[in-house]
Amino acid sequence: MTGLPIRISDEVTQAVADGRPVVALESTIFTHGLPRPRNLAVALEAEERLRAAGVVPATIGVYAGAPTVGLATEQIKELSESDHLDKASLRDLPVVAALGRHGGTTVAATAFLAHRAGIRVFSTGGLGGVHFGAAETFDESADLTTLAATPVTVVSAGVKSILDIRATLERFETLNIPVIGYRTRKYPGFYITDSGHEINFKVDTPEEAARVIAARDGLELPQAVLIANPVDPAKQLPPEELDELLNRAWAEAERRGITGNASTPFLLDFIQRDTQGRSLDVNVEVYRGNVRLGGEIATALAALRDEA
Ligand code: PSU
Ligand code: MN
């Protein structure tokens, strides 16, 4: 055999072979996104909820150098508690693998591994995108170019709240990545239901989403389909508050000279402290909604295949 093997659990291998619904889940959310011990609870809850809906969960990450699709509960636990762990985007995978390290996989790396394992649907919280000032700094996430070349379906609540959303939507257009609202034409703003940006299309049911995905596959297009699923308006952060909060967060980052890679953790931490943890509750709520919808879409896709 050539190439570095991707470790795929027996449960996931069997479900994919049988055409049963499977949803991929990323690990950055519990290795770098959420604080302990909540991170582990959220990761395990997502798996439980999918199982309860008759869907096989496939949590993806790098365990001791092995890119793994369908991490065991013990492995998720260990990764969620480890202090020696890299944030692994796609370019980092070979390095983390060869050096035998643990890695939490970003949307880009998770999408790649999910696709390689034959998984068609992937649920996450927020996508990476274009950072403010990217015209000078070139700071845009590898999620963008990876999703342009990886035909999975990604359910998210938009992009990270601290990004330049308008510029990110322009990049999705350039890269031929379709962005479809779930029951809305307003692009969600992660912590808030409506970011203030319009998108062209919406679907109203998981079956409709499944037909879009099947059409993408029929046309043999290589891009991901993005399903944008807004948080329940009753559970969002107050939108007026978020604008004002983000302005203060950016001002503080500038004052302290925080730039580049360090800015995301700084800004998210600022938001968390400033909202006394409410942003965290919203983050978890957003993720739950996306996991649920991902399960429904995977189920509708499996049914569509059975019909054919
Ligand atoms: N959304 C968040 N926090 C995060 C991420 C998304 O609210 O930490 C992670 C995802 O894993 C995403 C990654 O793929 O950040 C993008 O990071 P970068 O901009 O460094 O590519
Ligand atoms: Mn970056």
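Cβ coordinates come from backbone N, Cα and C, glycine included.
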Select one of V62, V107, V121: the residue that TrEMBL places in the substrate site alongside K87, S141, A142, D143.
V107
Using the structure shown, find which entry in K87, K160 (the recorded positions) has the sparsest Cβ neighbourhood within 10 Å.
K87
Give the subset of the recorded positions E26, K87, V107, A142, D143, K160 lying near ligand 2, defined as CB under 6 A from any of its atoms.
none
Of the recorded positions K87, D139, K160, which ones put their CB under 6 Å from ligand 1?
K160
Between V107 (substrate binding site) and E26 (active site, proton donor), what is the CA-CA distance rounded to a whole number of Å?
7
Under 8 Å Cβ-Cβ from E26 (active site, proton donor), six or more apart in the same chain: what's there?
T59, I60, G61, G104, T105, T106, V107, T110, F122, T124
When the number of other CB atoms within 10 A of each residue's CB is tallied over all shown chains, which of the binding-site residues V107, A142 has the maximum?
V107
